[in-house]
Amino acid sequence: MSDVLLKVEDLTRRFVSGDESLTVLNHINLEIKRGEMVAIVGASGSGKSTLMNVLGCLDKPSSGRYFINGQDVSTLESDQLAELRREYFGFIFQRYHLLGDLTAVANVEVPAVYAGVPHRQRTERAQSLLARLGLEDRLTHKPSQLSGGQQQRVSVARALMNGGEVILADEPTGALDSHSGQEMMALLKELHQLGHTIILVTHDMNVANFADRIIEIKDGEIIADTLNAQVVINEQAAKTPSASFHRPAQAVSKWWKWDSFIDALKMALLAMSSHRMRTFLTMLGIIIGIASVVSVVALGNGSQQQILSNISSMGTNTIDVRPGKGFGDRRSGRVKTLTADDAKSLESLPFVDSVTPSLSNSLTVRYANQDATASVEGVGEDYFRVRGYEIAKGQFWDEESVNSLAQEAVIDDNTRKEMFADRNPIGEVIFLGSLPVRIVGVTQKKEDAFGNSDALKIWVPYTTMSGRMMGQRYLNGITVRIDENAPSAAVEQSIINLLKMRHGTEDFFTINTDTIRQSIEKTTATMTLLISAIAVISLIVGGIGVMNIMLVSVTERTKEIGVRMAVGARQADILRQFLIEAVLVCLCGGIAGIGLAFLIGFAFSTSGSSFQMIYSMNSIIWAFICSTLIGIAFGFLPARNAAKLDPIEALARD
């Protein structure tokens, strides 16, 4: 194995700005062996930092070739360069570049996260490195709680985390006092003795004199490359690398993906918690949008259910036949062709379950010294089945009562309360106009389809109503109940055809509750869709807010992105981290929005509304899906911008 670790051949680096080109490195040739301690010295603007960036795979040459351990890396892509940074290099920056939200241990762990080292193993190694550097009592301290010298030692530990075969130190004493600076140089010298290849970049000859070899650079060219007076090259270390830079065992890909995801999730939570108010305001658009969608769907479901329930109170699967051409026909009162025989003939049609004739009038009902106005309806024995009424007390009359014109009545719960209070009305006699009738049954309370739930209702056999009370042979209407799964439109047409044949003309109209129900369902669905579309607009606005804040976050955390790239993060790692953060913000907003929707439902139910909001599990699931998709869609652009940052520019950003 060759002792040459890093080799540069005819390397040039130029920067182009518009029509101008600036050559920073000009045909550099350089070899650095394993175990050397090299100082690159030059004034500001000499090109020394650019050379360090190329050597550390943070930058690529414009021309020429660069070899690491015999491999030409001058044309590699960014992700391949990131892999080399993880495997070979550890960076010590003048300004430390520690991540302010992480503890000392967590900062040291960062390179190992991107190297795929399992959590437990990397934590143990980070703690061990910090202990060796005298920071065993500062493991859980954040950078703001450490002195400058302590922060620099944390950065040294981070550089050694993945082995640090080559340590690149950029002005390592520049931000330290003289005592801490001496300690840092002693530490680097110790690492050199352990076999690490140390490359110092400095303008200070006092620092450079710690190196075995001093390379002077001026105007992008190497003007001197000399050995120090007391050259001590650790030949043995070059042949046998020290245990201090043995790399931790690499994990399989699932560990790499999982730990990277967990790390990105933790960083997202830290970023959110460090800017709580901004995070909340970012979520607010998502919260309002999700709450609006879920609440609107719940309101639509609740109102639809209430309307359908009201329609059901008119009768389940019923078709009503009324005289005239339709509602509002002024001549309907003169149509006297609907008869009981028509009702009997309708019973013979297929899919017909039961039929009831009906006559109605408003009469005064009297009992003892009480009187009130009630709606009195003459109906057949099947009326209560057709309309879905249930008995509370007593019984309904039968066919014999209808045939015998029995003076029997069934009253509703409102009539019972009005006329009898707490007394049992069964067997009592009341007067309907001048006709006495005996109460045989009381129906259970039932909401009226049109909201007139306080009206008094009394039912008698239609024959009694026709023969004893009104003296008319024609009916006010016929109600037909059809089978549960019958095609209501076809049955309705059969009813029309039969009655047209019997009457010789169509002097009646029909009311199909199934048609009404379908129309209401379509109308409700359309209104729900319309209002939901408006709510979706607020979701989009919220998504734009997320994107804006994430763009701000990328700008604020540019240096953090540069540090992560320097220690080996690929573009995909940075993209994933910021994308997870955007999705997490939107998911939290979605959860809060669903919670707000339930609070709205609770307030709505306690406000005395006539119906309840009915929440749909589908709408809740879609709310989660939408919030996730919004996070991905509106978080992708900021995340991509973060991933495409140049690590050198990111590290230089203030």
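The backbone N, Cα and C atoms fix where each Cβ goes, glycine too.
Not measured: the values here are computed from a predicted model.
Annotated in Swiss-Prot:
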- GLY42, ALA43, SER44, GLY45, SER46, GLY47, LYS48, SER49: ATP binding site (BINDING)
- 6-244: domain 'ABC transporter' (DOMAIN)
- 280-300: transmembrane segment (TRANSMEM)
- 529-549: transmembrane segment (TRANSMEM)
- 584-604: transmembrane segment (TRANSMEM)
- 619-639: transmembrane segment (TRANSMEM)
Remaining residues near the recorded ATP site, that is with C-beta within 8 Å of the centroid of the site residues GLY42, ALA43, SER44, GLY45, SER46, GLY47, LYS48, SER49: HIS203, ILE217, LYS218
Number of Cβ atoms other than its own within 10 Å, given for GLY42 (ATP binding site): 22
Most crowded position, judged by CB atoms within 10 A, among SER44, SER46 as binding-site residues: SER46
Distal contacts, the transmembrane segment (280-300) - CB-CB under 8 A, six or more residues away: 524-525, 527-528, 531-532, 534-536, 538-546, 549, 585-586, 588-590, 592-594, 596-597, 600-601, 604, 613-616, 619-620, 622-623, 626-627, 630
Sequence-remote partners of the transmembrane segment (529-549) [C-beta within less than 8 Å, at least six residues beyond its ends]: 278, 281-290, 292-293, 296-297, 300, 582, 585-586, 589, 626, 630-631, 633-635, 637-638
All-chain count of other Cβ atoms within 10 Å of ALA43 (ATP binding site): 12
Set of same-chain residues at least 6 away whose C-beta sits under 8 angstroms from SER49 (ATP binding site): ASP170, VAL201
Local Cβ density at LYS48 (ATP binding site) - other Cβ atoms counted within 10 Å: 27
Average pLDDT across the domain 'ABC transporter' (6-244), rounded to a whole number: 87
Largest tally of Cβ atoms lying within 10 Å of a Cβ, found at which of the binding-site residues GLY45, GLY47: GLY47
